[in-house]
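**Student:** Starting off with a structure, shown below.
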Amino acid sequence: MAELECKTEEYLHDASGVKRCCERCRKGQYVRTDCGKSTKTECETCQHEYYTAELNFLKQCLPCRVCYSSSNQKVLRECEASSDRQCVCKTGYYCTDDGCEHCLPVTLCPLGSGVVNQANPQNDTVCAPCQPGTYNSFNDAFTHCQSHTRCGDLGKEVKSAGTETTDAVCGAFISRCHWILPTSLWAGLVVTSLIIILICIYWRAKRQSYMPANSSSPGIPVEPAPPSFAPAELKFPTECNSHWSLDQKATEPLFINTAVIQVNGYTSDCEVEADGTTITMTTSERFSQSDHSNGMRGHDIRPSRYLSEPQEDEWPGT
């Protein structure tokens, strides 16, 4: 005889050797009376603190789960006829199994380490050491590594540098002058000043190159010493190799080479002394007609008279 096969929503009931397929009860119910030859399955709703979570042919409902506070559990969802009570671990604890039958305290990150992943009901805390520039001064399971305080951004000086367990400590405010210029502008001012100084040095050297070598001070003209005698009082020489004499005062300064002396038969140069000054007189022989009326032909002597330079002992005041 072939085995009777029932559908998924049915169950096989054997009553006194008679087998038949009966309809299952829905979740939240249980089987009160099995089906008969002409009757269907009778189902009954689960009582309080009992439940069934799926189609069943149970003769009674299942008791709901109890959450024990002594095991650091708490109720997440209360028991219903169609679902069991759900328990979770209290804050600071996590489950060690899928059914969350046991709860263990979460790991606390030590000083200098921060939380990477916080603990949840199913997983423990994940910690990691703080990176340079960060710190954590708390021993807990939820604080991340914090960045050190940037004293410079606050306009303060650093009194104590931060570590992996402590924050930086700032001191007093840094005094700032509003006239402080950027470094690039200072560099430009320095270069400009150097260029101006070099131009001044070059101009000064070039100016001195145009001054006389014996100038005592640049840019100050030196006046020549006045003559030690009055030109109007000089006399013409009174003797010149006993060839001629002239005893009269000069009617014009001796420095002007305009006097012409005509002496017949005088053909040589001579030196004469007048008022303590030696005068060199040169003659040039020139044959010319001196007088068209008498037809005489003679020598025209033009003496050049130059004063010699005064010597140092002849300067005024010496």
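All positions are counted from 1 along the displayed chain.
Every residue gets a Cβ built from N, Cα and C, even glycine.
Note: TrEMBL annotation is automatic and uncurated.
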**Student:** Name the cysteine that pairs with C61 in a disulphide bond per TrEMBL, restricting the answer to C43, C46, C79.
**Tutor:** C46
**Student:** I want to verify the bond table. Which candidate from C127, C145 sits on the other end of the disulfide that TrEMBL records for C130?
**Tutor:** C145
**Student:** Under a criterion of Cβ-Cβ distance under 8 Å and sequence separation of at least 6, what residues of the same chain contact C22 (disulfide bond)?
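**Tutor:** Those within reach of C22 (disulfide bond), by Cβ under 8 Å and sequence separation of 6 or more, are E10, Y11, L12, H13, D34, C35, K40, T41, F57.
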**Student:** Mind checking how the domain 'TNFR-Cys' (45-87) divides into helix, strand and coil residues in DSSP?
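**Tutor:** Reading the DSSP string over the domain 'TNFR-Cys' (45-87) gives 3 helix, 15 strand, 25 coil.
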**Student:** Indicate the candidate from C6, C25, C127, C145 with the smallest number of other Cβ atoms within 10 Å of its Cβ, considering only these disulfide-bonded residues.
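**Tutor:** Counting other Cβ atoms within 10 Å of each of the disulfide-bonded residues C6, C25, C127, C145, the minimum falls on C6.
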**Student:** Work out, from DSSP, the number of helix, strand and coil residues along the repeat 'TNFR-Cys' (88-127).
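**Tutor:** Helix, strand and coil residues of the repeat 'TNFR-Cys' (88-127) number 0 helix, 18 strand, 22 coil.
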